[in-house]
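Asks: After the C-alpha cells below, expect a handful of questions from me.
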Amino acid sequence: MNHILAIDQGTTSSRAMVFDEALTLKSVAQEEFPQIYPRPGWVEHDPSDLWSSVAATARAAVERAEIDGSLAAIGITNQRETVVVWERASGHPIHNAIVWQDRRTADLCHALAEAGHEPTITERTGLLLDPYFSATKLKWLLDHVEGARARARRGELLFGTVDSYLIWKLTGGRAHVTDATNAARTMLFDIGRGIWDPEICGLLDIPMEMLPEVKDCAALFGMTRADLFGREIPILGVAGDQQAATCGQACFRPGMMKSTYGTGCFALLNTGEERVTSRARLLTTIAYQLGGKRTYALEGSIFIAGAVVQWLRDGLKIIREAGETQGLALSSDAAQDLVIVPAFTGLGAPWWKPESRGAVFGLTRNSGPAEFARAALESVGYQTRDLLEAMRADWAAGAEGVLRVDGGMAASDWSMQFLADIIGAPVDRPVVRETTALGVAWLAGMQAGLCPGPEEFAADWALERRFEPQMEASVREAKYDRWGRAVRAVMAV
C-alpha cells in the first residue's frame with residue numbers, strides 16, 4: 001500500500017502525519033519552536049526553526065509509520081499570511097519571518113485606508129486592509145532591510161508564504177511556487193482573475209519578480225531532494241490551514257460550513273463559484289482551486305476561542321488543565337448568567353475592533369470558578385453565532401443547517417452542545433479530528449491517483465456525534481440578546 005506524508009506547519013509547532021491511501025492515520029510527529037517578540041505587537045519566527053522542525057518531524061513520522069519506501073506523495077498545509085523573504089542564490093532568509101499575528105504595519109494600513117485605497121483592495125482581494133495579511137508585512141521588509149527592494153527588482157530575492165518557503169527548501173531551490181488559497185491571503189492576489197494584481201503591487205512598491213507561481217491546490221509543486229527521504233518524492237497538494245480543514249471536512253457543496261476551534265476560531269462557508277462581497281466585514285477568500293476552477297468562501301475569524309481556556313488556566317489559575325472546564329461548567333449555577341467577552345486582543349469578525357478589551361458582566365458574590373468556566377466556554381458559542389449571523393446576512397442563498405466542527409475545543413461535549421443550543425442548529429463532529437492534515441493528504445493523494453475525487457471522499461466522511469439543539473428558543477434568544485448588549489458595552493468603552 002502507498003502512503004502520503006502530510007506536513008502541517010503551524011504557528012507554534014510543526015507536525016507531520018503519515019496516512020495510507022485509505023486515508024487512515026498511521027503516525028504523527030510534532031515539534032514546537034520558539035516565538036520571537038522583538039517589540040510589543042511584533043511577532044516573528046526564525047525561518048531556520050520552521051525548516052528544521054518540518055524536516056525533523058517529517059523524517060520522524062515516516063520512520064514511525066514503518067512504511068518501507070512506500071511514500072508516494074507529500075501534502076503541505078501551513079499557517080497563512082506569514083511572510084518570508086530569502087535569497088534566490090543561497091536560500092538564506094534576509095530577516096525573520098513576520099507572523100500573521102504581527103501588528104507592526106497598523107499605521108501603514110491606516111494611512112492607506114485614509115488615502116481611499118481600501119475599496120479597491122477589498123474588491124480585488126476579498127480582504128480588509130489590515131496588518132493581518134502579507135502585503136504590508138512584505139512592504140515593511142523591503143522598506144527596512146537595506147538594499148532589499150533593489151535586490152528584489154534584480155531577481156535576487158524571493159517572497160513566499162510559509163508553504164512556498166518550505167517547498168523551496170524541500171526541492172533544493174528548484175521550485176518557487178504557492179497555491180491559490182495561500183496566494184489569496186497575501187492581499188496581493190486578485191481572486192477573481194486568479195493573478196497577482198499589478199496595481200496593488202505598484203501601490204505598495206513590491207517588485208512582482210519576487211512573487212511565486214500560483215498553482216491549483218492539487219498539482220505537481222516539485223520533487224523533494226533525494227537525500228531527505230531516500231529518493232525524490234512529489235509534492236502534490238498544498239493549502240492554507242483553514243482551507244485544508246474545509247477540504248478535510250468535505251465541505252464541497254455551496255452552503256456547507258465548518259468551524260475550527262484552536263487558539264482562535266475560523267469559520268468558512270462555501271459559496272461555490274459565487275464570489276460574495278461581505279457587507280458585514282467578513283473576508284471573501286478562495287476555499288480551494290481544483291482543475292483551474294476556483295471555489296469561494298466567506299470566512300470569519302475569532303481571535304480568542306481555546307485561548308480563553310488558557311486564560312482560565314494560566315491567568316486566573318482556576319484549572320490545571322483544559323479538560324477540567326467541562327466538569328466545572330456542568331456544576332455551575334446557570335441562573336447566575338455570567339457573561340465574559342474575551343476581547344483580550346480586540347474583537348475579530350464581524351466587529352473588527354482591535355482596540356476593544358475584554359470584560360465580565362453579571363458578577364455576584366457567588367460567582368466562582370465554575371461560573372467563570374461556564375461563561376468562558378459559552379463565549380466561544382456566542383462568537384460563533386455572531387459569525388454565522390453575518391454569513392447569513394451576506395449570502396442570500398444561505399448556509400445549510402448543519403455546522404461541522406474540528407480542532408481541540410471540539411472535543412468538549414459540553415461546549416459543542418452549547419454551540420448547537422445557541423446557534424439553533426445541529427453541530428457535527430467527525431470521527432477524524434485531524435481535518436487539516438487529512439485535507440491536504442487527500443489533495444496530494446487525489447493528485448497521485450491514490451485517493452478518490454471530492455464526491456466519493458465526501459461520501460466517506462464519517463460522523464462521530466451530532467449535537468442537536470435542546471435549548472428553548474425563548475431562552476436562546478434571551479441569552480444571545482444579553483451577549484449582544486455585553487459586546488456593545490465593550491465596544492463603547
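Cβ coordinates come from backbone N, Cα and C, glycine included.
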Asks: Report the candidate from TYR132, TYR165, TYR296, TYR382 that shares the sn-glycerol 3-phosphate site with THR11, ARG80, GLU81, ASP241, as recorded in Swiss-Prot.
Replies: TYR132
Asks: Can you tell me which binding-site residues out of SER13, ARG80, TYR132, ASP241, GLN242, GLN310 are within 10 A of THR263 (ADP binding site) by Cα, answering none if there aren't any?
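Replies: Those close enough are GLN310.
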Asks: For THR12 (ATP binding site), which of the three DSSP-derived states applies: helix, strand, or coil?
Replies: coil
Asks: Want to know which binding-site residues, from GLU81, TYR132, GLN242, GLN310, are within 10 Å of THR11 (ADP binding site) at Cα; which are they?
Replies: none
Asks: I'm trying to understand the geometry here, so how far is the Cα atom of GLY408 (ADP binding site) from the Cα atom of TYR132 (sn-glycerol 3-phosphate binding site), in Å to the nearest whole number?
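Replies: Given the Cα positions, GLY408 (ADP binding site) is 23 Å from TYR132 (sn-glycerol 3-phosphate binding site).
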Asks: How many other Cβ atoms are found within 10 Å of the Cβ atom of ASP241 (sn-glycerol 3-phosphate binding site), counting all protein chains shown?
Replies: 27
